[in-house]
Amino acid sequence: MKFATGELYNRMFVGLIIDDEKIMDLQKAEKKLFELETIPGSLIECIAEGDKFVAHARQLAEWAKKPNDELGSFMYSLSEVKLHAPIPKPSKNIICIGKNYRDHAIEMGSEADIPEHPMVFTKSPVTVTGHGDIVKSHEEVTSQLDYEGELAVVIGKSGTRISKEDAYDHVFGYTIVNDITARDLQKRHKQFFIGKSLDTTCPMGPVLVHKSSIQEPERLKVETRVNGELRQSGSASDMIFSIPELIETLSKGMTLEAGDIIATGTPSGVGKGFTPPKFLRSGDKIDITIDPIGTLSNQIG
């Protein structure tokens, strides 16, 4: 099941992708098919409803397969809908994991940079932007804008002191994040927040895939292309700290809540890792692909 936040005719809605070609407006479908109005207006609110929401969405998808003269009132072609980030306005900072792939840690320094414990930082919620949106170049403050293709985990059930064994019970699903970074600001300020939190530097999407559709997230492949050139190619199995380990570590003294976003780290091949570095410039297009989530595409303005 692939969920999305769509916009059509200046109206935002929670959508369910059907056959990778159509998108169902869940609120309108519920009203037409069941004469109910129980589905919240934002995906983050839907996530908080947990299994109840997922079961209801699955039921609506099954009903929509039946002959219905009013199908056009809640089912649209995906090509006519603007996809925003699945969670356009997170309620808190995006949790990010640094140097979680051995080769990336080495390209950023040396083997001494391979962490013994998860390196955790955050990005401001105002950084979030969607698939197809323009990313600001921020040329007035940085000359070292860099890309980082990442698998992101979205929490579905709140919890504290979550064990590795129970971690996946607290996951709602998976999406793609581009953790765009101003390397010079990151170095100058000796702390990641400013270099990671420029406006529009957290493209997310294009959809949020429910965990039931991804049985083995550790097998997911991450590929990043810049202007068509393959720059990053890695597997989630190469993470130093697995998704369950990250959830266990983060939740030991901090409550993880439904809708929280964890960007799990990037493989090697970032711009800074090349000699000379290949930083982003105005006009560059970045495509990050993780099947079956899809491809997150953005261009530098």
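Cβ coordinates come from backbone N, Cα and C, glycine included.
Oxalate binding, as stated in Swiss-Prot, involves LYS99, LYS196; the candidate among THR266, THR275, THR289 given for that site is THR266. Binding site for Mn(2+) per Swiss-Prot: GLU148, GLU150, plus ASP179 from the candidate set ASP113, ASP169, ASP179, ASP184.
With a cut-off of 8 Å between CB atoms and residues at least 6 apart in sequence, the same chain places ASN100, TYR101, HIS104, GLU148, GLY149, GLU150, ASP179, VAL222, GLN232, GLY234 near THR266 (oxalate binding site), listed in sequence order. Cβ neighbour counts within 10 Å, taken over all protein chains shown, single out LYS196 as the most crowded of the binding-site residues LYS99, LYS196. In sequence order, CYS96, ILE97, GLY98, ASN100, HIS104, MET119, PHE121, GLU148, GLU150, ASP179, THR181, PHE192, ALA263, GLY265 are the residues of the same chain, not among LYS99, LYS196, THR266, whose CB sits within 8 A of the CB centroid for the oxalate site.
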